Amino acid sequence: DGCGHTVLGPESGTLASINYPRTSPNSTVCEWEIRVKPGQRVQLKFGDFDIDDSDSCHSSYLRVHNGIGPNRTEIGKYCGFGFQMDGLITSKSNEVTVQFMSGIHTSGRGFLAAYSTTDKSDLITCLDNASHFSEPEFNKYCPAGCVIPFADVSGTIPHGYRDSSSLCMAGVHAGVVSNTLGGQINVVISKGIPYYEGSLANNVTSEVGPLSTSLFTFKTSGCYGTLGMESGVIPDSHITSSSILEWPNQTGQVNIWKPENARLKRIGPPWAAFISDEHQWLQIDLNKEKKITGIITTGSTLAEHYYYVSAYKILYSDDAQKWTVYREPGMDKDKIFQGNTELYQEVRNNFIPPIIARFFRINPVKWHQKIAMKVELLGCQFSIGRAPKITLPPPPQNKNDEKSADFVDDFIHSVKTSLQTDKTTFTPEIKNTTVTPSVTKDVALAAVLVPVLVMVFTTLILILVCAWHWRNRKKKTEGTYDLPYWDRAGWWKGMKQFLPTKSAEHEETPVRYSSSEISHLRPREVPTMLQTESAEYAQPLVGGIVGTLHQRSTFKPEEGKEASYADLDPYNSPIQEVYHAYAEPLPVTGPEYATPIIMDMSSHPSTPLGAPSISTFKAAGNQAPPLVGTCNKLLSRTDSASSAQALYDIPKGQLGPGSADQLVYQVPQSVAHPAGSKDE
């Protein structure tokens, strides 16, 4: 009478003391006899151990034996509060006896243990949760019997389960492992979510859970897609039933709850049987053989008709004539699946192992008021690979034909079995799974396309950046308001200094006229001569000898012999001070080069060529002599080749034309008086 929760599977199981995790009653005893396949051994792992040790394991203890019956041998005797047992207890044979004795005590939860065959090296118990493991991904083996009332589960697939949930119980809820068989789970840890939904699946109720730091999901085969009830892929003609409920409503209109109404999430009434008994069924033709891994059901979904199926059996067939009732492996009873507990909630049940069939039938065994339901099937496509050509080996060399025939039959049966094992599956669109199935072709294509696209976009970005950078540098070099370098006036002149020296006849020299040259010219030839070649560059306002010009100077360099500014005086003025022949440079805000001054003497009265010419600038410090003649007009030529007249002040006196006196003009107002000039 001391046995608690117990599930003994063929390869694994779970056992616990009575009333666990509460205190076990006094003076109770229980023995578990565990057998696995011959040739294998048993390993035992404790998830919790809390047995009173006040009398040194005399009246309260747990004892493990090798073997069963009177010939068994003791492996160990254990007791203690909060006893921590490291490692596993391993038997020497395929049989083990576990004995629990509870004497007089006041406390102690008892124990919970799990067992499996020794080839399951990663065995865990039903009490282990994700927080017990630090790896982001790991594989563990869950024993059978982990649907226990004292373990908690929060969450559902595909969103994931709260990290405080029991790993194995969540695996049963997700349909990854069977409660009666156990199995391997592949767990992936990820960041938690603020809210965990609750649901009912595989006889496990998942509760709503609050925020957690992490959650876990399971890697699966991916064969959990819908098979066409909700979407309409399965036609109405392929959905049949044992009977149909027909009844008139208050207005006299007849309502027919046909089998094609049994589509999950379809608005309107469900399918309902005319008679509610255990002989009713709903049948679905999948058109061809498919792999069926689960089923989802709801009730009528109509508040005024509170009908639903609370338990049912599953039958399947390949020809709709011979039907097989679904049973779990190793069980001799038909499995009864838990159905709905109310008319709205979706309840899922998974088939482990999956069903491979074309025809699928649901047989309700329990219901509320009337048999009514909506259904969706889960699974994936299933096809048989091309069978290889069978080559029979030569029969044994004997005269017994019957033995030879038996040998051939056995060989063909073995080949059929291998073909059945080699069946392949094709995964459809997945809607209800924890991990997306891997598709090799898509991954290979993505592995090629993604790097190529990245390289193309990177190259385009680099080209745009370089073009933008080059444009900015070009703008900085030219200046915001400057013309491009090739559009500037005189760009060829600036390039001449980098070229080899040209011949003398092609050289450009500043305009120089001496009094002797002018004296040999007629009056009309003087302005023509003066306008023949105008200097493009202004000379600096300095006296003395012209020095070497720097590369960035704004004045045109002198070529050939370096001459003093005295030679530049076109009128052979007796004044000893040296003046330049060009106007002084313009301000900084003006053009880059000063505008040369061209003197137009066509309007000047003709005078004897022998008369001495006087500088056009007034000598400083002396009174200007009486003005003879009229004023000259100065023509200024700009860079744009437009001419304008620059006027000097009116002469201080008017003399008749042809006077031999010197003509003295005032200095233009825009030019300052030279500091050292004087009259002679």
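Using N, Cα and C of the backbone, Cβ positions are placed for all residues, glycine too.
TrEMBL annotations: computationally assigned, not manually curated.
Quick caveat, the model's predicted, so the values are computed rather than measured.
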Just choose from Cys30, Cys57 the cysteine that TrEMBL connects to Cys3 via a disulfide. Cys30
Under TrEMBL, which of the candidate ranges 221-243, 497-519, 589-611, 658-680 is annotated region 'Disordered'? 658-680
What count of other C-beta atoms do you get within 10 angstroms of the C-beta of Cys30 (disulfide bond), across all chains shown? 20
Do any residues of this chain, six or more beyond the ends of the transmembrane segment (443-468), have a C-beta under 8 angstroms from a C-beta of it, and if so which? none
Under 8 Å Cβ-Cβ from Cys3 (disulfide bond), six or more apart in the same chain: what's there? Leu15, Ser17, Ile18, Cys30, Trp32, Phe100
Compute the average pLDDT of the predicted model within the domain 'F5/8 type C' (223-380). 94
Count the residues of the domain 'LCCL' (120-216) that DSSP assigns to helix (H, G, I), to strand (E, B) and to coil, and report the three numbers in that order. 11 helix, 38 strand, 48 coil
The domain 'CUB' (3-118): DSSP-derived helix, strand, coil residue counts: 0 helix, 61 strand, 55 coil
